[in-house]
Amino acid sequence: MCGSDDSFDDFVPDSQEPASSRTRNQDHLDDDEVPCSQRPDAANDTMVEDLDEGDEPAHDESEDIIKILVATDIHCGYGENKANIHMDAVNTFEEVLQIATEQKVDMILLGGDLFHENNPSREVQHRVTQLLRQYCLNGNPIALEFLSDASVNFNQSVFGHVNYYDQNLNVGLPIFTIHGNHDDLSGKGLTALDLLHESGLVNLFGKHSNIQEFIVSPILLRKGETRLALYGIGSQRDDRLVRAFKNNSISFLRPNAGAEDWFNLFVLHQNRPRRAMHRSTGNFLPESLIPQFFDLLIWGHEHECKPDPQYVASSEAVGDGFYILQPGSTVATSLTPEEALQKNAFLIKIKGRKFASKPIPLQTVRPMVCDELLLDKIPPGSRPILKTDRPKHTDGRYIDEIAIEAKINEMITTAKAKRRPRQPELPLIRLKVIYDGDWLNITPANAKRIGLRYENVVANAVDMVFIKKNNKPKEGKLQTENEKNITEMADEMGQVSATNLQTIINDYFINQPLVDQMTVLKPIGIGRALEQYSAIEEGGLATSANRNFDSCLMHQIDVVRKTLKKMPLPPINDPSDLDKFRDLITKDLYDMKKADSERFKNPVADVEMEEDEDDPQYYMPPQSTSRTNYASGSEDEVANSDEEMGSSISRHSKQPTTRGRGRGARGAGASRETTRGRSNKVVSTRQIDSDGFEIINDSPSPPPASRSTRGKARGKSAPSKKRDLSFF
């Protein structure tokens, strides 16, 4: 939406941009600009290595260049209960703010997960607020013009303007951020970021309360001749967002006139690689679903830093591709090789339709070294006589512990050699010890006992050593399907994620004999519970997870009771009829299990099964005070999910009306529907709304809705009164 003070009349009419206007600039390069090794030789490439247009520019180049400092997954509050690392995330966040000040950027863009928890501790909120006030509130001039309708971009707020347009605040460094899966919505749809937004310290955008339809309105910014359209979608469940793209229920608004003059930047917080092997959506967002008009994507949630923007070619005969920048986290929240890579913030310069990217190494990140040690040979003469004995050296020390400690000392030496002056002194060490060959039948060493010997040398002594036995199936014994799944889904550190474990749980219960399958509790509920319990950090409490699981279980019991009440009540005239009634209830429960089993086993119903996860009878609410990796639903979504599931078929069959997003109709509370999704062909549709924005859809139309006859009355018997099952 355009602000009332701005006009698009002077813009070039919307047309296909000539290829020559987006060719890569071949002028002289700055030494500090890192070239993109994956940049294609495309005629309409937007990434350049230098934004200078010549030796004698007509005016100061800074008047047209938008400078943005990008960082994602800061996780303030991570490890606050651990002695050595409790301030790591906050200290690095301060470094990000310092870099922004030194580089004199126009704005900071955060890609989600500023906080590690939805409800961070008071100490963490206090420290973050201090830093934001210290670095963001000052008298520095801001050259960015805010052109869009702030009441639409920040519709969750009562303040209808960007924070640096507030006359009561003196903002010198604006921050724009979306929410991630750690600081996501819960309860009444609020997060800790909402407090920072309402206090004027950050600008929170990309919140979407309507999970049936996503309408993404960009933040429009201008500096000199450069126009930036900033799009954002806060963290959503990947299955839900993929369905939105495939069902054509997500729209990105664009300026009607001069749309090709805007640099389109999209920030999101989703799984990028496939995280589940046995699901149709894979628990990730495929890059192929993203519209092609974007120039650059900032991809949050993935902690591995990829310093070079990666080009994604267009899948269409006509159309440009886009670049994806994956900044990675600024703090390590897991002990994996990907987290041990160099952490960076990124300086993005935008001029016209071109951009340049430069990684800035972070100097305060705690050093980390990850490695593996394979134990497969026992030295001659050291083999124990009894299986319960462990091989010892002549000096009485255990041979495996000698090898483990030698490897740890080598890793610590490496960490100290690479340590920079501003980095914390104690490093993070993760050694994966694999017992194989001669060591398979030997009792492994005690990992924690070894770690405690390094308590004052490393930051993570307790979980420094990870021990794994490379067990193989016995001869003549076939590996079960679930064992194969666990082996395939285990990551490089030998651990299985909660999301993949959900798939294993589903497969196990679905493949059980029908009589042994569960009636009330659903596998999805168990998987969600395990996900929350696994997210509890060491020393944390499981109170919230216990409460959520109890609530889920009681709700599922209530669903079964209500379903049984809807079934016909037979006549009861004598005591023998009570036995028949009891048998009928048993049969009803069996029929319910059978219907569920057939539906979940049917491969073509895979999408329906994913949609069922939004249903309260399957739903496990997210834990609001601990880390949740992939679930991002809220309690409000639980309350409304029955209505959403019931309306998922009729919403496409209703006679559509115009959307009515005009400025005069805002806040009127009128329902709005669109004509999206009514074509059976994969097309790119365009519409113009009353504010001069262009609605685009580059996603395929939804498949026809399936219908189920489950729950209808048996035979042709006349309807009877509902059962009274208050005793159930």
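Counting starts with 1 at the first residue shown.
Using the three backbone atoms N, Cα and C, a Cβ is placed for every residue, glycine included.
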Among His208, His269, His393 - the residue Swiss-Prot places in the same Mn(2+) 2 site as Asp113, Asn181, His301: His269
Mn(2+) 1 binding, same site as Asp73, His75, Asp113 - Swiss-Prot member from His197, His303: His303
Cβ-based isolation winner (fewest other Cβ atoms within 10 Å) among the binding-site residues Asp73, Asp113: Asp73
All-chain count of other Cβ atoms within 10 Å of His182 (active site, proton donor): 31
Close in space, distant in sequence - His303 (Mn(2+) 1 binding site), Cβ under 8 Å, 6 or more apart: Asp73, Gly328, Ser329, Ala332, Thr333, Ser334, Glu338, Glu339
Residues that sit under 8 angstroms from His75 (Mn(2+) 1 binding site) by C-beta distance, when 6+ apart in the chain: Ala89, Asp113, Leu114, Phe115, His116, His182, Ser329, Thr330, Val331, Thr333
Greatest C-beta neighbour count within 10 angstroms, which of the binding-site residues His269, His301: His269
CB contacts for Asn181 (Mn(2+) 2 binding site) [other CB atoms within 10 A, all chains]: 26
Extra residues within 8 Å (Cβ to Cβ centroid of Asp113, Asn181, His269, His301), Mn(2+) 2: Thr72, Asp73, Gly111, Gly112, His179, Gly180, His182, Asp184, Ser235, Gln270, Gly300
